[in-house]
Amino acid sequence: MNYIPTQTFYGRRWRPRPAFRPWQVPMQPTPTMVTPMLQAPDLQAQQMQQLISAVSALTTKQNVKAPKGQRKQKQQKPKEKKEKQKKKPTXKKKQQQKPKPQAKKKKPGRRERMCMKIENDCIFEVKLDGKVTGYACLVGDKVMKPAHVKGTIDNPDLAKLTYKKSSKYDLECAQIPVHMKSDASKYTHEKPEGHYNWHHGAVQYSXGRFTIPTGAGKPGDSGRPIFDNKGRVVAIVLGGANEGARTALSVVTWTKDMVTRVTPEGTEEWSAALMMCILANTSFPCSSPPCYPCCYEKQPEQTLRMLEDNVNRPGYYELLEASMTCRNRSRHRRSVIEHFNVYKATRPYLAXCADCGDGYFCYSPVAIEKIRDEASDGMLKIQVSAQIGLDKAGTHAHTKMRYMAGHDVQESKRDSLRVYTSAACSIHGTMGHFIVAHCPPGDYLKXSFEDANSHVKACKVQYKHDPLPVGREKFVVRPHFGVELPCTSYQLTTAPTDEEIDMHTPPDIPDRTLLSQTAGNVKITAGGRTIRYNCTCGRDNVGTTSTDKTINTCKIDQCHAAVTSHDKWXFTSPFVPRADQTARKGKVHVPFPLTNVTCRVPLARAPDVTYGKKEVTLRLHPDHPTXFSYRSLGAVPHPYEEWVDKFSERIIPVTEEGIEYQWGNNPPVRLWAQLTTEGKPHGWPHEIIQYYYGLYPAATIAAVSGASLMALLTLAATCCMLATARRKCLTPYALTPGAVVPLTLGLLXCAPRANAASFAETMAYLWDENKTLFWMEXXXXXXALALLACCIKSLICCCKPFSFLVLLSLGASAKAYEHTATIPNVVGFPYKAHIERNXFSPMTLQLEVVXXSLEPTLNLEYITCEYKTVVPSPFIKCCGTSECSSKEQPDYQCKVYTGVYPFMWGGAYCFCDSENTQLSEAYVDRSDVCKHDHALAYKAHTASLKATIRISYGTINQTTEAFVNGEHAVNVGGSKFIFGPISTAWSPFDNKIVVYKDDVYNQDFPPYGSGQPGRFGDIQSRTVESKDLYANTALKLSRPSPGVVHVPYTQTPSGFKYWLKEKGSSLNTKAPFGCKIKTNPVRAMDCAVGSIPVSMDIPDSAFTRVVDAPAVTDLSCQVAVCTHSSDFGXVATLSYKTDKPGKCAVHSHSNVATLQEATVDVKEDGKVTVHFSXXSASPAFKVSVCDAKTTCTAACEPPKDHIVPYGASHNNQVFPDMSGTAMTWVQRMASGLGGLALIAVVVLVLVTCITMRR
């Protein structure tokens, strides 16, 4: 069957009904049935009917407020008759005539009233044996009932329908009868995040989950619908999962094309099943014991035995409540006093305490059983043997506490109760055996009170209390102002909880004082108690008595007497033996449950920040030890963390990739470095060198050193070549006696005076004799140098390399093809492409990643948490032996010790000296805190990337979500886009990860069933409630000390608590590429790594035809200001002419610059200003506006701010970029040096050639 209902409606029954009319309304005649094809709907009649209904409702409201008139008095009696006659019709009419709720109940709010009004027709109760177990809902054209709800629908028409069951959706579905279609509700698949309505108030919808405050829903609500503000059904409730302060709902809901079922982890079905208990092989509802009016007050011992027989049944607590309150079948309101009712069936006890405050052993009435410190806010829950909030009769008394004094229960003032560690603790709550208190750090814990005789009774145990801080600051006093962080605390409520303690029938208490010796006989003084005695003198001196009894011819040493009482329970303490080996027990709720709350923590003083060049200096002023950490946002995070407890100064290196630091509980701060420097890229050579030295010191030193070396080598080579040429010219004349050196050669080779005229004489001779030769001789060298310089300059201009480092846009090509592109996987970095299509005006496409989520596929191996050691009361077999039996408990240990001789406060527990045995047991279980504080061990597999991408083209500007896998297609404005797969298959998660609260750790944990004591995974289970618990804690039982009833044992401390102290930094603080690690589900957000290929199909309708677009001419560009390596730090003015105003796409066709604008509004003969970002000091890039193109040339200056809180919108440079001015100076230097070298080469070649001809 299709589980998507059809939206078919004939009217809405949940609209405001017509108000009651106090006057008689005549019956309207039944209209004649007309075939719908022949009868058109009369719109005017419908409008008139609506108007009449509105006027009637308004008139009724006025009549209600009017004083009683004659007409109203006349109609009062007929009204009563009419109501009496209307009490019989169908169930639907009964529902309309329901009496108003009792005044005691809380008035429902607006949401509840709205839902009740809608639910009045569209939901029906499902009943089993007369009890409501859930609901069925009419949605669209179908009736839907949760499959797990047992029973039949309380409507004869719906009950006889044939339902089809779907185990996948946990639904049973059938077609609604035609006559009931008007009662159905609409449904919708539209679910924007926000608040919705249901029977119990508001439902919050966020991140695909419906949640409610814990306690707002309960078993029996299965099948209830959730409505939006228009009264449409958005989901049907199936159950819930308790997550602390809120409960996540398990629902069936609809998407656009299908039905989905959302089932949070730990979901429980909310069907109100009927709980059954047993009594003498007879079943009965647990809430209604068959022995009415019997209850605990009338038959205490029989009632306790009945409870022990049903202790493991689901309805045990209903049976316990019914037995203790002795209520009749009508349900009473619960109160705080009723929470204490169960304690009337229990009693305090005396237990062994190793240190009763004075360093000596005693049997203390306030013995400390357990100290629980699971609350992260430092609160302790202490269990003692006394009972607080009760008087000695067992009734609730907030100012009293009761304790055991011998065989009797006494009471004292609660105000005398004290708890100490290194100083007095602050007690916040008490109930029964439990105390909740805040204590200062210490190495022991002591509880004490003053008894009825003003004597101090105490017990002291060794316990190290050193609570871990909440957050990142170790504060002592809770601040007035701060920030709220999630934490756990013991909720100060005495209401029943999921936690429980075991109770058992107490043993017989030996008391030697009951025996007295009189004239060779032993007298047993009962004193109104039941005494079990055993005397070895004579025969048949064994039994019980409630009256005084005398044993003739006997001695006290031959008798053993003990008080027996089985009409009360006592806590199953390892310091008190149990009555029998079968360990019959009961259970009692534990107050003050651990719950998720928020704790106010301080905010560290903001540090003094000084920004420097590629570094930031923080001056930290901690008021208490405060955590300071930082990491790089690049591929190698280099995490650093420390606790600072005094004034400190820290210098953090900041790179262009960015860093993130966090001080205390302040939010993390991200900073990026900019390419700031001294000097100017367009100044004199020393300013240019200073500029590049600030950016690239090593490269600048290398370049300047290389250039200087080349210049020196060039000059040296020039001088060497000229000297060689001179030597070759003069050598022949030097070897020939009387030879005369020619004038020209003498001038070129600087011949000696003896062989040639001086330069002045030669030049004077040429001036007198031949002036033409004089000018040719003087200008020859200058002409050669000028010619050489021109040649070198032309050569350099032709071969001038483009800037080594251009703006790469993180690997994205500026010119995208029509159907493919590659965008950077960097949040906030815009990718732009210019798309041209014949007959259409060019269009700019902009793609920008808004958010990215990398979610691994996880397989939960197990959960681990803190364990608790369960030590049942030991069983002591007097004058006999006992045997251990195997039990299905984790890490179960059992041993029998012979030859024990235990004592209790009243004397020896056993009559025999050496034939006694003690059976000691212990096993491991999950601590009660595991529901709130546990770690999950996962195996992580292939991660899938889901990205939120903003797509802009033409008039479309839309954000969409897509899976980056190369298959998932999204439609935006009629265009189809397919993203992925991503270029880099990278994930910050290892194969094994551990999730603890909101932190994720890469950790190699042991597999299931292989845990080691004291290490992570010493206890393991699939869920926090599953029965497959594995434990390995090195639990070993020890022999009890002589004369003491106790169960000593040794055990390795919790591996989970050890792991919490040694776990180190989480992946949240050291993930590379700036990833933000989140949980629920586990994912890495906004990782700046890799590129995303995009395939797209853009229809022609997205383009503007050429004839419709403005024709732009005379386009020119003038850069007003330019700051390179800054986020859109340059401004350019485009001047143009156009034939008509309109919108034009503007785009940069070069990778050197990225424009901020995608489209501009053009006007006739106007100008437009655009912003661009460039990493080059001398960018030159082509810009197009519609079909016109021009070139923008700029001379950019370096940025002024060293550090900024945002990343640049361009790629950082890897190789130094040469400015135009720097290239000009290089050309000039190269021309000069090259000219000198070329002259030297020419001279040397000529001289060599002439010499070789001789």
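These residue numbers are counts, starting from 1, taken along the chain as shown.
The backbone N, Cα and C atoms fix where each Cβ goes, and this holds for glycine too.
Annotation source Swiss-Prot lists region 'Disordered' at 60-112.
Across all of the region 'Binding to the viral RNA' (95-123), the predicted model scores a mean pLDDT of 55. As annotated by Swiss-Prot, region 'Binding to the viral RNA' applies to 95-123, with the evidence given as similarity to another entry.
As annotated by Swiss-Prot, disulfide bond applies to Cys122-Cys137 (among others), with the evidence given as similarity to another entry. A simple way to gauge crowding: the CB of Cys122 (disulfide bond) has 24 other CB atoms within 10 angstroms, across all the protein chains here.
Residues annotated as region 'Interaction with spike glycoprotein E2' in Swiss-Prot: 164-169.
The annotation topological domain 'Extracellular' is assigned in Swiss-Prot to 270-694 (among others) on the grounds of sequence analysis.
Among the features that Swiss-Prot reports, N-linked glycosylation site is placed at Asn281 (among others). Asn281 (N-linked glycosylation site) is surrounded by 5 other CB atoms, counting those within 10 A of its CB over all protein chains shown.
Taken residue by residue with DSSP, Cys295 (disulfide bond) is part of neither helix nor strand, so it is coil. According to Swiss-Prot, the disulfide bond annotation covers Cys291-Cys295 (among others), on the basis of similarity to another entry.
Per Swiss-Prot, N-linked glycosylation site is recorded for Asn328 (among others).
The number of other CB atoms found within 10 A of the CB of Cys459 (disulfide bond), across every protein chain shown, is 26. A strand conformation is recorded for Cys459 (disulfide bond) in the three-state DSSP classification. As annotated by Swiss-Prot, disulfide bond applies to Cys353-Cys459 (among others), with the evidence given as similarity to another entry.
For Cys356 (disulfide bond), the same-chain residues 6+ apart in sequence whose C-beta sits under 8 angstroms from its C-beta are Cys362, Ser364, Lys457, Ala458, Cys459, Lys460. Among the features that Swiss-Prot reports, disulfide bond is placed at Cys356-Cys362 (among others).
Here Cys425 (disulfide bond) comes close to Leu380, Arg418, Val419, Ala437, His438, Cys439, Pro440: these same-chain residues lie at least six apart in sequence, with C-beta atoms under 8 angstroms from its C-beta. Residues or ranges marked as disulfide bond in Swiss-Prot (evidence: similarity to another entry): Cys425-Cys439 (among others).
The N-linked glycosylation site feature in Swiss-Prot is assigned to Asn534 (among others); the stated evidence is similarity to another entry. For Asn534 (N-linked glycosylation site), the same-chain residues 6+ apart in sequence whose C-beta sits under 8 angstroms from its C-beta are Asn541, Val542, Cys559, His560, Ala561, Phe911.
According to Swiss-Prot, the feature disulfide bond maps to Cys537-Cys554 (among others), an assignment based on similarity to another entry. Cβ neighbours within 10 Å of Cys537 (disulfide bond), excluding its own Cβ and spanning all shown chains: 15.
Over all protein chains present, the Cβ of Asn596 (N-linked glycosylation site) has 18 other Cβ atoms lying within 10 Å. DSSP classifies Asn596 (N-linked glycosylation site) as strand under the three-state reduction. Look at Swiss-Prot and you will find Asn596 (among others) tagged as N-linked glycosylation site.
In the three-state DSSP classification, Cys729 (disulfide bond) falls within a helix. Packing around Cys729 (disulfide bond) is summarised by its Cβ count: 22 other Cβ atoms lie within 10 angstroms of its Cβ, all protein chains included. Summarising the annotation, Swiss-Prot assigns disulfide bond to Cys729-Cys750 (among others) and lists similarity to another entry as the type of evidence.
As annotated by Swiss-Prot, region 'Transient transmembrane before p62-6K protein processing' applies to 729-749, with the evidence given as sequence analysis.
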Quiz item: Per DSSP, what is the residue tally for the region 'Interaction with spike glycoprotein E2' (164-169) in helix, strand and coil?
Solution: 0 helix, 3 strand, 3 coil
Quiz item: Same-chain Cβ contacts of the region 'E1 fusion peptide loop' (900-917) under 8 Å, 6 or more residues past its ends?
Solution: 350, 363, 406, 507, 509-513, 534, 536, 560, 562-563, 577, 876-882, 1040, 1042-1045
Self-check item: Residues satisfying Cβ distance under 8 Å from Cys137 (disulfide bond), sequence separation of at least 6
Solution: Cys122, Ile123, Val143, Met144, Lys145, Ser185, Gly223, Arg224, Pro225, Val233, Ile236
Practice problem: List the helix, strand and coil residue totals of the region 'E1 fusion peptide loop' (900-917) as derived from DSSP. | Solution: 0 helix, 5 strand, 13 coil
Quiz item: In sequence order, which residues at least six apart in the same chain have a CB under 8 Å from the CB of Cys910 (disulfide bond)?
Solution: His560, Ile876, Cys878, Cys879, Tyr901, Pro902, Asn916
Self-check item: Whole-number Å value for how far Cys1196 (disulfide bond) lies from Cys912 (disulfide bond) (Cα to Cα)
Solution: 103
Quiz prompt | Pairwise CA distance, Cys1196 (disulfide bond) versus Cys1087 (disulfide bond), rounded so that it is a whole Å | solution = 31
Self-check item: Asn596 (N-linked glycosylation site) to Cys554 (disulfide bond) - Cα separation in whole Å
Solution: 64
Self-check item: Cβ contacts of Cys353 (disulfide bond) (under 8 Å, same chain, 6 or more positions away)
Solution: Phe361, Cys362, Tyr363, Ser364, Ala367, Ile368, Cys459, Lys460, Val461
Quiz item: At the level of the C-alpha atoms, what whole-angstrom distance separates Cys537 (disulfide bond) and Cys295 (disulfide bond)?
Solution: 42
Practice problem: Sort Cys537 (disulfide bond) into helix, strand or coil using the DSSP assignment. | Solution: coil
Quiz item: Counting other CB atoms within 10 A of each CB, which of the disulfide-bonded residues Cys878, Cys1075, Cys1087, Cys1122 comes out lowest?
Solution: Cys878
